[in-house]
Each structure stands twice: as C-alpha cells, then as structure tokens.
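Taken from Swiss-Prot, the feature compositional bias 'Pro residues' covers 24-42. For SER2, SER3, the entry in Swiss-Prot reads phosphoserine. Taken from Swiss-Prot, the feature region 'Hydroxyapatite-binding' applies to 1-6. Residues annotated as region 'Disordered' in Swiss-Prot: 18-42. Swiss-Prot lists 18-42 with the feature region 'Hydrophobic'.
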Amino acid sequence: DSSEEKFLRRLRRFDEGRYGPYQPFVPPPLYPQPYQPYQPQY
C-alpha cells in the first residue's frame, strides 16, 4: 500500500465524514488544507 493510496483513502474518508459520500474527495476551495503534504495533479 503506497503512501499516496493511504493519503487518498484518508482524504476520501475525511470528505465522507464531513460532507457526505456524494462529495468528491477534493476539498472545496472555501478554505486551504495546509496539512496536506502535496497537491495532487488532477
């Protein structure tokens, strides 16, 4: 299991808990996410 997969899974789980499962895993641009180690290029 790569660290990127863990990161994406953690972020997806975070989004489902906060916004609901319908929300894309990319956080909304209302506020920054400074704790992210990097910004995925999508």
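The backbone N, Cα and C atoms fix where each Cβ goes, and this holds for glycine too.
Mapped onto three states, the DSSP output places SER2 (phosphoserine) in coil.
In this model, the region 'Hydrophobic' (18-42) carries an average pLDDT of 59. Around the Cβ of SER2 (phosphoserine), 7 further Cβ atoms fall within 10 Å across all displayed protein chains.
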